[in-house]
Amino acid sequence: MANASQLSPTNKHFFKPLLPGFQRNLNIPVKFFSEHIEGKHEGETVKLRADASKRTWEVKMDGNRLTEGWKEFVEAHDLRIRDFVVFRHEGDMVFHVTALGPSCCEIQYPQSISHEEGEESGEVEISEREVEENLQKEYDQSSADLNCFSQSVTHSNISNDLVTLPRDFAKRNGLDKGMHEIVLMNEEGKSWESEVRSRMSGQVFIVGGWKSLCSENKLKGGDSCTFKLLQNAKTPVFQLCSRIGESRFVKLTPTLNSLEIGKQHLPVSFTKGNGLIHPGEIILVDKDRVEWSMKLQVDNRGGMHIFGGNDWKSFCAANEVGAGESLTLELIRGGLSPLFKFFSKIEQPSFEAEDRRHKRARVHNGSQETDKGEPSRATKMGPELEKREKTAEKGEPSRASNKSSGKQGNLQKTQACSVTDHVAKVKESVVDTLTSIRRFQAELETMEQKLEDSLQEINKLS
């Protein structure tokens, strides 16, 4: 945690939970802005500092909103939705920023070191997030090629030019002890010299060449990629063989059953191609940029599916997607907490509309067959039907007319019922959405109270 002196009462501070859309800009609380900034400082730029590096970031301030330059600060510090940031005002429009993860613990960043310093000490610090992601990747390698491994790309591992290597993979290929020279190679054959190093804790990582490979192949934070080890050379070669961008879109068609039980299966080719092979949290963002938290689960056959209960149904309703209609999701971020964004709705008739269309087609085809010359029932019945028709002419309604009017009445009832059902479904979706929003607000309030309590405890220590 940040030390008590940094958060003492003499240093005014505020905290902000990071919600969807925070990457573009961030609002300074109105009360803090009016009491400590507005009218007290000239200029429209603030300076941000953090423990992650010695760099000072200049960010433009539009009113009480941080705008130009904020996105670069976010990317450099790998800030994500559900993180919290504490701004400590050090005076003269300078803020020290402390980042906290969803667990309210301070995020530990790697030290800014050079490769030469790393060689002398034999150790390189990496962020806790990368350690967690590395451990998660080691859970299941059985279904994949033993000479392959998947890796998440982050802004942090790009800027530090180093990336963790799954320990099982390193051990299996004799790369888990000491230092080994390797070559990183893309699919076109372009290569970069690099090294694999280990430390006392058992951690293994690739040092050097990573930043250049990502730049050359347009890999950026949030992407995932797969490497294959080529052992037919004196120096091990890690060849890039796939990336998330090649198959980041997936088409899903919810059924009545999947909407009711709140579960949607994902294509095996999509999940394996993007490294989505571990259960955990998953985030879906709808067309209005509202975030939905659900689960990524594994079924008995090893397939992956989204499970959200009523939230899955509400998510589809929010995007105006019904049973039998298709939607396309775009995978924005892989890793431990995959992020999907609604991309488009594929227009097609629902099951009920399709069924009605087939019924109309059958009726139409039947009339066409009669027109072509096939004898109708009326023709086959002959004199008996003529007798009934004469009776109808005298005033008694025929069964045919009764049946026709009966069908019209039933049709009107069906239409009325369909409208009622539709209204009920819309109402249910709205209620589900409101429930989700209220639950999220309650979680934020709880988190806010915890942070306030922590700050009070820190103030007491000072």
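Glycine is no exception: its Cβ is also placed from the backbone N, Cα and C atoms.
Listed in Swiss-Prot for this protein:
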type     : residues : note
DNA_BIND : 11-103   : DNA-binding region
DNA_BIND : 148-243  : DNA-binding region
DNA_BIND : 249-346  : DNA-binding region
COMPBIAS : 369-397  : compositional bias 'Basic and acidic residues'
COMPBIAS : 399-418  : compositional bias 'Polar residues'
REGION   : 351-419  : region 'Disordered'
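With DSSP classes pooled into helix, strand and coil, the tally for the DNA-binding region (148-243) is 18 helix, 41 strand, 37 coil. Helix, strand and coil content of the DNA-binding region (11-103), in residues and according to DSSP, is 14 helix, 35 strand, 44 coil. Each residue in the DNA-binding region (249-346) has a pLDDT score, and their mean in this model is 87.
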